[in-house]
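A.B. asks: Sharing a structure, written as structure tokens. Questions coming.
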């Protein structure tokens, strides 16, 4: 529903806006003007030149794409379903593990997106880009490890250590309940990254093949997500929520509606979350359309940095030097992948130029 708030605002803006663009309404302006020389882009004199070349090669004018209409609109139901499955699995997995383990496991998203882009979209990722993805995952892991380390609490085991202990426990047929819960949580979160990566890749495929503005894409995806969620809520309420065991539980729609309408904090936060997610999906789809799904995943991972900064300001987080190292790797990997900074080896640049 938050997606449609953006659609409504956009239509109101167009109705009362007297300014008219000189180009066709269904076209996007090129990132670089037509009169700019190709050499200025190709020789890297512009910051992030490889990012621009990637965007220019993957983005076509609307008139060169097929129109997305009729039954083809249903295609946006696929990324919507992937989004619902990924979000649900991540939230359920968070109930079983510590936030630090959740954060470290979630860092695998960039690898899945990169892998799926190569397999299904036939994208080419160079060696320095794979290194950048590894740096992003390592940075997220360090941030999660630092968050698990407290002076007054024991260190929470890392994801790899938990998986290793679970493997040993299973092989020896003595799995402890806590280890089982943590293993289930990690598997759920890891599975969620596969669904989220599928969502990103599907969105890139649809936007790369059909002519559709990102804002309208957000609206259609939000509509299908709302329909699927509403149907799922009704079915689960009839099967579980209205029973004696499920009453006042997760699937009780009546209780959920009562809490949203009678609890002011929940109602206001729900509206703010809808608006936030609508904007998040719009900007994310814009990045996917103009650059790539993998670039979007690297940028998306950087929001951990801003969450940490806000948490420090509000006093919800304590400062740890190890987090600085993790965030440094996170930002470096993101900049390196999008080639906002030069790769560490000149061979990577020459190889890219030869293949382009």
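For all residues, glycine too, the Cβ spot is worked out from N, Cα and C.
Whatever TrEMBL says is automated annotation, not expert-curated.
If you look up TrEMBL, you'll see 73-98, 104-121, 128-148, 184-202, 223-245, 265-285, 297-316 marked as transmembrane segment.
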A.B. asks: Out of 73-98, 184-202, 223-245, which stretch has the largest tally of CB pairs under 8 angstroms to the transmembrane segment (104-121)?
C.D. replies: 184-202
A.B. asks: What same-chain residues lie close to the transmembrane segment (297-316): Cβ under 8 Å, and 6 or more beyond its ends?
C.D. replies: 103, 107, 109-110, 113-114, 132-133, 136, 140, 143, 197, 200, 284, 287, 323, 327, 330-331, 333-334, 337-338
A.B. asks: Using a Cβ cut-off under 8 Å, which residues of the same chain at least 6 positions beyond either end of the transmembrane segment (223-245) come close to it?
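C.D. replies: Tertiary neighbours of the transmembrane segment (223-245) are 1, 3-4, 74, 76-77, 80-81, 83-84, 251-255.
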